[in-house]
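To start, the structure under review is shown below, and the notes come after it.
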Amino acid sequence: MRFIITKDYEEMSRTAADIIAAQVRENPACTLGLATGSTPEGLYADLVADYEAGTLDFSQVQSFNLDEYRGLPGDHDQSYRYFMNKHLFDHVNIDKARTHVPDGSNPDADAACAAYEQAIVDAGGVDLQLLGLGHNGHIGFNEPADVFPKATNCVDLTESTITANSRLFDSIDDVPRQAYTMGIGTIMRARKVLVVANGEGKAQIVRDAFFGDVTPRVPASILQFHPDVTVIVDAEAGSLCPQA
Ligand code: F6R
């Protein structure tokens, strides 16, 4: 595991964007795994800036997002499809037909999840998977549990995740209670993993996830066993780590 502490959010974002840009330059037809949330907004803005500067070409890139709320269609302003269009896809030359997000509008959870897992396999797997980190250690929407979910699955969101995400909805009652998410197995099959986390509020979970025991009670801790993972945090999120 490479663990990088940057001085602030801007440097965290730029460092992460450089790793994604390098992946695309090395293999222009690569498959990226992408995340939503507040943390990657800055790095997506940096990738858009690279594209606008003419130094990055997404025309052959294919992408798979980690997760989507069950019950939200892609044009809902809190859906993850909408987020990706707004922060990245609408601003670069990626072919939207090659961008994939689980189909939250499909009420048949088993069918939606199986189709998504198969689409990733058919694409040859993910080359570089970007992840944010939940306050409870979730990655994707894989919440603390007794086991590590193997494949794309339908999850019940925990109260802590519903509360954390309610800031983006008109009321907490509007937050969907379920989501479709890549499983921990899906994530671990990515050839490379890149994790970003920032802010004081993530300091304890960053320490637990990357320097604590490996346990499904802290889903991100399994990444300690991944052969090619880079974790980039700002100084606040890294403040409780042994090397800080
Ligand atoms: C989003 C996702 C989540 C977030 C996590 C952190 O697609 O999979 O696991 O990465 O909840 O969210 P932020 O970045 O908003 O703190």
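Cβ from N, Cα, C; glycine included.
Those TrEMBL annotations? Automatic predictions, nothing curated.
Under the heading domain 'Glucosamine/galactosamine-6-phosphate isomerase', TrEMBL lists 11-224. For the domain 'Glucosamine/galactosamine-6-phosphate isomerase' (11-224), the model's pLDDT averages out at 97.
Secondary structure at Asp67 (active site, proton acceptor), taken from DSSP and collapsed to helix, strand or coil, is strand. The active site, proton acceptor annotation in TrEMBL covers Asp67 (among others).
Residues within less than 8 Å, Cβ to Cβ, of Asn136 (active site, for ring-opening step) and separated from it by at least 6 positions along the same chain comprise Glu143, Pro144, Thr158, Ser160, Thr161, Ile205, Val218. According to TrEMBL, the feature active site, for ring-opening step maps to Asn136 (among others).
Summarising the annotation, TrEMBL assigns active site, proton acceptor to His138 (among others). His138 (active site, proton acceptor) carries neither a helix nor a strand DSSP state and counts as coil. A C-beta separation below 8 Å, combined with a sequence spacing of at least six in one chain, links His138 (active site, proton acceptor) to Pro144, Thr158, Thr161, Pro219, Ala220.
Under the three-state DSSP scheme, Glu143 (active site, for ring-opening step) falls in the coil class. Glu143 (active site, for ring-opening step) is surrounded by 22 other CB atoms, counting those within 10 A of its CB over all protein chains shown. Residues or ranges marked as active site, for ring-opening step by TrEMBL: Glu143 (among others).
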